């Protein structure tokens, strides 16, 4: 497969490199914004599982504060360190720890965030049920820390896998947010189970006390929560992004109409050290039999 | 009207990932696949019982109440906890064994504890009271958020719960007991650590205390296994290592780190000094902990993953279970016999000491094996000696000729009774290594004899000899007969074979029965000759027949050598009037061909092609019901069982340039001999093993694809038998797989019939059309690859898939994917259109393309295209209709990522293509009808003609979208004879539901005018009835909804069985 092959198959991969985004997922947040206008009035934002940082890039570009004394603040949290971004406060930490929540709030001078976003995904194994479960746990961990750092009325946006138990997650989100929408940006592939949950107007239940002591566990099927049929929780689906824009499934020709040679760009940010880096290094040194 | 769905959906067959394997005795293996637990007896090589455990989950863990029994055939009862997701079920399995053979007769399940659901995903289960007589069942469960719950399942009460002081999400966990009777949990965290914590001790916060952290992995821990004595622990990780640690919390020990797997490692088992691991690189490896070396790498699973592995309690057999649903058995004890690395495992033949007159010692020039224990050696002294494995037997000189000291081309018959040698000056000699007759010498060629090949005649005492010299235009064929009384053998030249141009013969196959001679060349060509019936004419000297090529096929193995040709005479294979043969080449591929004679001309069809190795293939053996291929890769000789798909034997011999020979008695190499010449010495390896002591079937369960399946289709036209269904699947592995489901079988399995590998990239779509003879199948996918095949029945249960044609590329962009195709026969249009078919392709470059396939010319031609969707086209269906119309019409339906569905009238376009000479490709105007039915891509489409009382053609079009919605549109088309303007839309009834599923809809099938089935990534199959409301709209009634345990459903097909 040629070097340009991925460029031809994936227009957003190409566009991300051309526009300087660290990952193609930047377009997903931009397209969610086109539909939901998520940055209006937002000055404090948390980017959970931020690496490699493309969503933080979007946040820093889109968030503008009108008050010079209260500039827009973005706190990006990830287990791994990522390359610095101007205007983004980086926090290397675990989203399941209360210390992480405290640190976030300290960066906002004790105030709560207007928006929490999370584009995190687990190490996908290929055992779909397990992958979906771990993704759901990651989302619940993100929700748990969000209830500690988000102001009432705020917005939470996170990646979800629309698998078999997605209705249970929707039900759980609806406890905290009256408006929950499943949104699929056009830059997310048609064939992927990925979608984004847009939870608006944070309204914790009465007497709810945020805590990080116990993990938030997902729901089980029970009464009123049927596996099948009409009683399941339905959240509306909204495709977002301009239909006249690029199609992530379409194959595009490279180069311009004049037949000018296409120049394959390198990715903006090389991937962070993968778990198999030592293996690759040893392989290069011919140390693997 | 159809009534409500009276029959619930019942799971009847399943071919999915093997998620867990567990030996309970040396011969009884439990396997988890989907919701099913299968019980196998490996000694008998068969499945004994299948139990459906879960309704909504697959089994991820098998946890017996005690360690496996080391005595086989004594097992009577065992309790097993089965975990899957948050669910747990405990069974008692009662076994009945044959008292004489020790094999399992039956297995029945008794439910000890009904299904229970817990609040978190179960990672491991530990029996706290493993006393078989004790009625109570107390289990400790390790849960994903790093906490443990201890349950008395009999009483249904929670006895204890403890959260580890480290709060995090686990990928793996394993309980183990230490010598002091304490129970620990080893937790594999997302932070790459393994934490050993005591589940009974508490810190001041009431949380479990970590006693030891095993730090070193650079990726998450996918699995943890503990040695039987609890002293060592092996971990498998994302960082592609297996690490082995000591559990002793007092000791800070170094760990062993094993690198070798080329991808993530899913599981590993410890047994004595071995670790056996399975990984994403689809291999199973064995590691020696002393040397820290990988001592075996078994490749027997297709696709991406091997998830399950276990070692029997006697450490003889390893079972591996793949993502391809295959279960393999491997012999640990035969490891050394299967992989020959050192000289100590070989016998070096010692030639007699040099005679006095010669100063140079006598060395081996070449050799041939006569049987499993004898070789015929040609020496540098021009002598021909037999050497026996039994070194007490002296070497015997069979023949000698000083003129053959410098050069000898040696051929040996398969029976070992005849050898022929050719020399520098065209001289030949035939002699008997067994001393059955006297040698014959003659001059057969002018100049050096380059080739000597002996083939059996089928009659004892008569052989055919093929010889060649440097003249590359012809070869000679001779007949050699043993005389009735002792004396020299008789040699008659019976034919002169005229070779095609540039044909350097590599191997020869001769079928006396079919009077057909087939030869392969150094540059990839095959030539076939008709031969006369060579009758044994006593004493009559006739002029040799001149054989001219009857058929030449070039580039069968690319430009590489056709290194071996073999006629497949296995009784199960041959069909009447046809000759089946196989070829292998130095391109590493194996091919099978069928030759048949029609009107005095031979035709040759490729039946099968498979790339086996990156190295060379050199030889084919058809033995028993198996095909064994031999070749060389990375300086090793190997023998590969093509039928069972695994490498059985390999030898570090230095490479394929050497003189070598191989003999085998059976397909599993229980008896075989391999020899090769190294530094002028003959090295022999004698192999005598008996796998059947451990298991008789290395492939305990057959495999399917191990990659994502993208398309599944029933082949409807296949017979009237309601009990069986034939289906074809394909996907990411680009292999077309034909399988049969027999409803009378009760082992929940699907039988593989045939795999065809020809597509170079993902296959996304399969469509059928009724051909003039048999069913035509069209397949399409990535790289704009589209092919036509003809399906033929082969006996009662076999199928043939003949490669007919490939469509040329039409897009400017080579990466264009064909997302979907629809096809139809044009016979309905009239006599002129018989044997012609249309294929409508939905392409990722935003085009839909209409192709024509003509059976007579066997060619595809592009008829028309359109860019109307302006975005990636995802779905296409096409059909020819006559009913309700004054003239038959060709109608297509397409849909794309634009969420629109379009209807097209292709009738005139197709007709014009034939009437206008040199017809150009038509850029289609706007469709007949367009409707936006989804917010995002349309991933499912089906159409069904629904004749209405009105005149005209009525089609019901059902779609499913990535937006979780479905739509139904009924369109009535009319045609007008007077204006000849083609179809117009007369009436539309439409309905859309927004969220009938919780996730993208990936399959839809219209089964009647008012009912259809849908499926989605949400793992439900729903059935809807349509009700036509006033105002030309549909309403939907969900009449059935069924959960299915297939994650990520990518396609659905429905076959209605009467």
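Using the three backbone atoms N, Cα and C, a Cβ is placed for every residue, glycine included.
Annotation comment: TrEMBL describes A:159 as active site, proton acceptor. Marked as S-adenosyl-L-methionine binding site by TrEMBL: A:53, A:55, A:78, A:94, A:119. Summarising the annotation, TrEMBL assigns domain 'Ribosomal RNA methyltransferase FtsJ' to A:21-202.
Overlay of TrEMBL annotations on the structure.
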| residue | record | DSSP (3 states) |
| --- | --- | --- |
| A:53 | S-adenosyl-L-methionine binding site | coil |
| A:78 | S-adenosyl-L-methionine binding site | strand |
| A:94 | S-adenosyl-L-methionine binding site | coil |
| A:119 | S-adenosyl-L-methionine binding site | coil |
| A:159 | active site, proton acceptor | strand |
Euclidean distance between Cα atoms of residue A:53 (S-adenosyl-L-methionine binding site) and residue A:159 (active site, proton acceptor), Å: 15
Segment-level pLDDT (mean, integer) for the domain 'Ribosomal RNA methyltransferase FtsJ' (A:21-202): 91
Cβ neighbours within the same chain of residue A:119 (S-adenosyl-L-methionine binding site) - under 8 Å, at least six residues apart: A:25, A:28, A:29, A:47, A:49, A:50, A:54, A:55, A:158, A:159
Spatial neighbours, same chain, of residue A:78 (S-adenosyl-L-methionine binding site) - Cβ under 8 Å, 6+ residues apart: A:48, A:49, A:50, A:51, A:90, A:91, A:92
Under 8 Å by Cβ from residue A:94 (S-adenosyl-L-methionine binding site), counting only residues of that chain that are 6 or more apart: A:79, A:100
Residue, out of the recorded positions A:53, A:159, whose Cβ gathers the largest set of other Cβ atoms within 10 Å: A:53
